[in-house]
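Record features, source TrEMBL:
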type	residues	note
COILED	137-201	coiled coil
COMPBIAS	240-260	compositional bias 'Polar residues'
COMPBIAS	281-291	compositional bias 'Polar residues'
DOMAIN	51-89	domain 'RING-type'
REGION	222-294	region 'Disordered'
REPEAT	461-503	repeat 'WD'
REPEAT	547-587	repeat 'WD'
Amino acid sequence: MGGGERNSIGALVSTVNAGETSTPAAATAAGVVKEEVAAEKEEEVDKDMLCPICMQIIKDAFLTACGHSFCYMCIVTHLQNKSDCPCCSHYLTTNHLYPNFLLNKLLMKRSARQMAKSGTPVEQLRQAIQQGCEVSVKELDSLLSLLLEKKRKMEQEEAETNLQILLEFLQCLRKQKVEELNEIQNDLQYIKEDINAVEKRRIELYRARGRYSAKMRMLVDDSSAMTARPSSRDKGSGAIVSSSVNSQEQRRAGTSQTRNTDARAPANSQLVQWKDDNHGGSDSQDPNQPGKSIARKRRVHAQFNELQDCYLQKRRYWARQSQKQGEPIANVMNREGYSAGLEDFQSVLSTFTRYSRLRVVAELRQPDLFHSANVVSSIEFDRDDELFATAGVSRRIKVFEFSSVVNEPAEAQCPVVEMSTRSKLSCLSWNKYTKNHLASSDYEGIVTVWDVTTRQSVMEYEEHEKRAWSVDFCRTEPSMLVSGSDDCKVKVWCTKQEASVLTIDMKANICSVKYNPGSSAHVAVGSADNHIHYYDLRNISQPLHIFSGHRKAVSYVNFLSNHELGSASTDSTLRLWDVKENVPLRTFKGHTNEKNFVGLTVNSEYLACGSETNEVFVYHKAISKPAAWHRFVSEDQNDPDGDMGSFFISAVCWKRDSPTILTANSQGTIKALVLAA
């Protein structure tokens, strides 16, 4: 029975083996199983070949006296810190290390097997040849032919790829240059049209001048005829009359030569000037006029690249506008025959070249006997530009009459109003409708509205928790004002309420706030996070736009118009932004501002700011470089700081619709400057 069991079992096993050999799927499965088993064994071997320190396959194996193998660099590095075996903690030094030749040989064979399995055919071929594999000459020739053919194909493919890359580059370059050429051709067309328009205008002016001169000639001839043929009754006095007329003409001509050109000069003076021109006399124009013209031309050449960019920018802008609206706006001519772009640029050119320097028209020194620090933090004109107020670290608001400061002697200049405050002041803002109302912000975070007439505070707001840097009255809603503080809050106030009506919480300190002059709902905020946040107060959940570009804190913001915003930063730049299109327009460089508040003031055409070099800089909004500047210089010969190097400009303010600007520095000196040729 036992034998029967053995036979049945043997037959069963035999049947299974026959099935395995006869079925390909079964054979494949068996092969996979064998490979998995071999892989597991190889993984176990791999674990034995790992360095206990770096857990990688051992490189340059060394054996310790205690029988453990390590990478040479691993064990040497370990023994520099400790004197024991990392595996068994047995005492160990570098003297107890020996090369493990057997393990190194096994590792080399293992590496060769892996190369044979996972290496590329080229690597396998190279290894076979290096190991001395026997190959016939015929086989080598066949192999070389295959390699040469493969090399030729690869070289051809690489050449085709290189040519394709080169062709794409050249096509891209051609496209770019064609676009540049088209742009240059368009620019040349603009220039050609504008040259024709300007020359046409010059001819018209010349003809008008010729007609005017002809009329003047006729009047002079009539006057000469009447003088040459006196009546019989005046014959005796003819010589006297003629002599009198001639002497009067000579006196007038002499006077006209020494007098500056005046468009409102009397007609008889113009007659004499024209007559002198025709007789080879002096030029009828202002003798300083050629010099002024030369100076303006020099300013053009000095800023030629900037003016060129400005011209092309404006010309292209109006061309794009015409394409957008489907109307030839760029070709619409004004009464002088100029296109919109040329007219716009002519305005820039005339205003930019008109001035080249700042001239002092008044200087005001107000030393404070009770406060050694005289830094003027803010200076502002009132609604009518008749009064201006100053404030700073002296804890006083002083109001001066501008005409008195300009016209009266320096020793007679005194404030018409002076008000004391509890804390140092940071900013002032006049109400744009109520002439006698003035707002201030101070270092304690208090925003105060003053009545200059009564010298008393009307409202005091104490909600800010830290220093308030800025305050501004709204132009369109005179009861509203806004303030910003180091507590990272922007607060909107109403003079009819005792508490703030709106609060904007921000993540960084607030350095400056300003209402849009055309809206009571839009506010620009300059922040210490290097950005300008433009808010619609009707929805303060997020700003309408965030203007980025400054590299340091934005110390001032100010509007040139309803859509143009200027900003100043301690990165020594001013920037101009379009809040309507949400785009940057221009960056202005030339002054130095790295740590102090140096002021920012704007009008429709110019931006002005102070500098830590104790200078005032004026920029035209279309040109990135300064148009004019002025340095504060001490007039005291005994002043050890005569170069004023330790002081800086701390406040600036334009007089509205005027080339006059008020400036103040950290010494407390106030100057009225005017742009001059």
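Heads up, the Cβ atoms here are built off N, Cα and C, so glycines get one too.
Beyond the repeat 'WD' (547-587), the same-chain residues lying 6 or more positions past its ends with a Cβ under 8 Å from any Cβ of the stretch are 509, 511-519, 522, 524-532, 534, 593-604, 607, 609, 619, 621-622, 624. Per DSSP, the secondary structure of the repeat 'WD' (461-503) breaks down as 0 helix, 21 strand, 22 coil.
DSSP labels the residues of the repeat 'WD' (547-587) in these numbers: 0 helix, 25 strand, 16 coil.
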